[in-house]
Each structure stands twice: as C-alpha cells, then as structure tokens.
Amino acid sequence: MTEQGHILFLPGDGIGPEVMEEVKRVAGWFGARGLVFALDEDLVGGAAYDRHGVPLAPATLEKATTIGTVMFGAVGGPAYDDLPFEKRPERGLLALRKELGLFANLRPALVFPALAAASALKPELVEGLDIMIVRELTGGVYFGEPKEVTSLPDGQERAVDTQVYTTSEIERIARVGFELAQKRSNRVASAEKSNVMKSGILWKKTVQRIHDTEFAGVELAHVLADNCAMQLVRQPKQFDVIVTDNLFGDILSDVAAMLTGSLGMLPSASLGAPDQHGRRKAMYEPVHGSAPDIAGRGIANPLACISSFSMLLRYSFERGAEADMLDRAITRVLDEGYRTADIMQSGATRVSTSEMGSRILDALDRLAA
Ligand SMILES: NC(=O)C1=CN([C@@H]2O[C@H](COP(=O)(O)OP(=O)(O)OC[C@H]3O[C@@H](n4cnc5c(N)ncnc54)[C@H](O)[C@@H]3O)[C@@H](O)[C@H]2O)C=CC1
Ligand SMILES: CC(C)CC(=O)C(=O)O
Ligand SMILES: [Mg+2]
C-alpha cells in the first residue's frame, strides 16, 4: 500500500506515552482504511536523558528534520527538575521548535457542546466558544540572549532572561494570524505589553502596519496581555483570533484551556514557513505537559493529543475530510457521555485513557459505516 506521508512519534515522559498510545491506535484505524503513513518513533525529554544523557539526541533531531512531521507527547517531571538547565527535558522540546523553525503555534480553544458545563465558567459564557490563539514560538523571552545566572560580589545571584523580537519575526506571525482570521470571522486581537515593554511597542506598531498594508479588511484590536487574560475569563466570546508572543501565548492558552473544561482537551500545531514546494515542517502536540500527578494511572485524557493528530491530518497532509471525521468522532463520544476523570460530570460514564481511545475508534467505525 502506498504511504501517504511519514510521521515521527516522540511520546516523551509522564502521560505523554499514555496519550500517544491512543493516537497510534487512531493512526492504525486510518491505516487499515488506506490512509497509511510510514511511522517512526524515538525518545525525547527525560526518556532521552535517561538513555543518552541529553533531552534531544542529535540523531533524533536529524530524524525530525528529515521526516519533517512530528507528533509530540509531553516532556518533564520531578525526577528531572534538578538537572542542569541545558539537560532539562523541556530544553529538548524548545530545541525541536527552534531547529525545525516552527515559529507559528496554533492553539485552538473550542468548547464542545457536551462540555459547556465542565468549564470553570458559567455555561452561557463559553457555549459555542471557538478561539484560535496564534502564539509566536521561536522568539521572545524563551530564546533571547543573554539567558544566564551570574554571581554578584555581595553573594547574591542574578538571573537574566531576554525578551527580544525583530520586525520580521513579528511580521510573519502577524500574517499567520490575519490569514487565519480571513478564513474565520475576520477579527484579530493582538496581545502585548506596549505600555511597559520596548518589544511590546515594536509588536504593536508592526502588527498595525501589516494590517494596514496587507489585511486592511480584517478587524484589528490591540489589547494589553494582562487585560487579555482578564477578558478571556470575563467575556471569552469577544475573541476570535488572538496573536501574541511566546510567553504571553503560553500563559493565555492555558487560560483558554480551562474555558474548554480541561487542559486535556487542547491540541496544537506548530508550523514552519513553507519551502519552495509549499511543504512546511510541523510538530503537533497537546498543550498540556507530562502531568506527573496522574502519570502511570491510565486516567489521562487523550483527546488533546488525538485532536492534535487531527490537526496533523489537516495541516500537514491536506486530509481535511479525515480530520473532520476524527473531530466528529470526538464530538460524538462526548455527546454520548463518555468522560475521562478531568472532565467528569454527574450522570456521565467515566472511562480510562485506553477506554476513551476505544470509544473514539468505535465512533469512527460508526461514522465510516
Ligand atoms: N509541552 C510540554 O511538554 C509541556 C511540559 N510541561 C512539563 O510538564 C511537567 C508538569 O507541568 P505542570 O505545570 O503540572 O503542567 P501539566 O499540563 O502537566 O499539568 C497541569 C494539570 O493539568 C492536569 N492535566 C494535564 N494534562 C492532562 C490530561 N491530558 N488529562 C487530565 N489531566 C491533565 C494535570 O494532572 C495537572 O493537574 C513539568 O515538568 C513541565 O515543565 C508543561 C507544559 C508543557
Ligand atoms: C517548553 C514548554 C514546557 C513550555 C510550555 O509550557 C508550552 O509550550 O506550553
Ligand atoms: Mg504551556
């Protein structure tokens, strides 16, 4: 059977491998029906450190670069918290993002009708919510130099992280936001801190210029990032696309996650720039981390990771029909009342990670019949 593409699975640590197992079953389901991918797998994060002494082995990075499409689980955990900074599992993830040039992180926050009551907010505030957070992913304070801790003569330590953005980094992420808004409801909110940060002033000015010169038909609002966090909780449906930097995007997307009911529901796609053939490197990962507090118990919600696979089908392989089908399977399973512990509601049926995977496969069977 002809392979339609090649995917590298990097399950990582904690609940990463648990939720990825369910994605592999979904990939197998599509494979049995003709959508066959060549599949590779490797270690990343703490698992890679245990084997190789580094969170991302050079051979793994090479594989990710050559294959170009990565399904990532999650990394990190208390066992690795005291490692030297560069050996920490999270550095493996950051290196992948940087080395693959994945500057655009799309984090949709969608409230499924069946889960409106599982949100931390009142159902009427979140019913029908559909936000797309567009987070800049390879610049800003997570990567800026200097990034160091030095010792001061008085015995104190001094830690420095550098928030830095260039015009072109802001321009390209702004374009991603505006282009997405044109396919949605034509509204962009750009979040920064132009009241206190130089990088915020450049961000606001650049986004405004890209708007005025290339996307004048899109409605643009500038919002201070702290106010944006507050507005997301106060009146989330005022937003459609939110474009923001690396740090603010990290925080705002965790806030948005709770609007949807659980961090276990939020997928993401991290995309690079298209090459001359229009192909872009990409990595798909749930927004959540390795959840050490529940790891190993088989209770993690695999839906964020499964939804990330749906984004992979859509964005890397132009398989919109199959992605739609998978999204419908998720909606159906939730409508039928199946819930992992994090989204459990009274009257619903509580299921484990693998049972949730089985329910998704069953819904796919019924949708395909
Ligand atoms: N992309 C990644 O690999 C990320 C890794 N991390 C790392 O993960 C470790 C834990 O970080 P935390 O701050 O605790 O964030 P976390 O996202 O791992 O967990 C936060 C809370 O959400 C719950 N949760 C997360 N995903 C869930 C799921 N699929 N189903 C059910 N409940 C879920 C957890 O049980 C926990 O109570 C740290 O080492 C951190 O650096 C954190 C965020 C992203
Ligand atoms: C490097 C990650 C652990 C940062 C993060 O929380 C995220 O990207 O969501
Ligand atoms: Mg985060």
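Each residue, glycine too, has its Cβ placed from N, Cα and C.
As recorded in TrEMBL:
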- 6-360: domain 'Isopropylmalate dehydrogenase-like' (DOMAIN)
- 77-90, 289-301: NAD(+) binding site (BINDING)
- R97, R107, R135, D226: substrate binding site (BINDING)
- Y142: site 'Important for catalysis' (SITE)
- K193: site 'Important for catalysis' (SITE)
- D226, D250, D254: Mg(2+) binding site (BINDING)
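Listed in sequence order, the binding-site residues among G77, D226, D250 whose CB lies under 6 angstroms from an atom of ligand 3 come out as D250. In the three-state DSSP classification, R107 (substrate binding site) falls within a strand. The Cβ of R107 (substrate binding site) has M132, I133, V134, R135, G249, S253, A256, L266, P267, S268, V287 as same-chain neighbours under 8 Å, each 6 or more residues away in sequence.
Counting every protein chain shown, 24 other Cβ atoms lie within 10 Å of the Cβ of A291 (NAD(+) binding site). Comparing Cβ neighbour counts within 10 Å across the binding-site residues G77, P89, the minimum falls on G77. Counting other CB atoms no more than 10 Å from each candidate's CB, the recorded positions R97, R135, K193 peak at R135. Closeness to ligand 1 is met by A291, these being the recorded positions among R135, Y142, D250, A291, A295, I299 whose Cβ falls under 6 Å from the molecule. Put simply, D254 (Mg(2+) binding site) is 14 Å from D226 (substrate binding site) when counted between their Cα atoms. In this entry, substrate is bound by R97, R107, R135, D226, whose most widely separated C-alpha atoms sit 26 angstrom apart. For ligand 2, the neighbouring recorded positions among D81, F85, R107, Y142, D250 are D250, by Cβ distance under 6 Å.
Set side by side, the binding-site residues D81, D226, D250, D254 differ in how many other CB atoms lie within 10 angstroms of their CB, and the most is found at D250. In the three-state DSSP scheme, R135 (substrate binding site) falls into the strand class. Considering only the recorded positions D81, F85, R97, K193, A291, D254 (Mg(2+) binding site) has A291 as its nearest partner by CA-CA distance. A distance of 18 Å separates the Cα atom of G77 (NAD(+) binding site) from that of D250 (Mg(2+) binding site).
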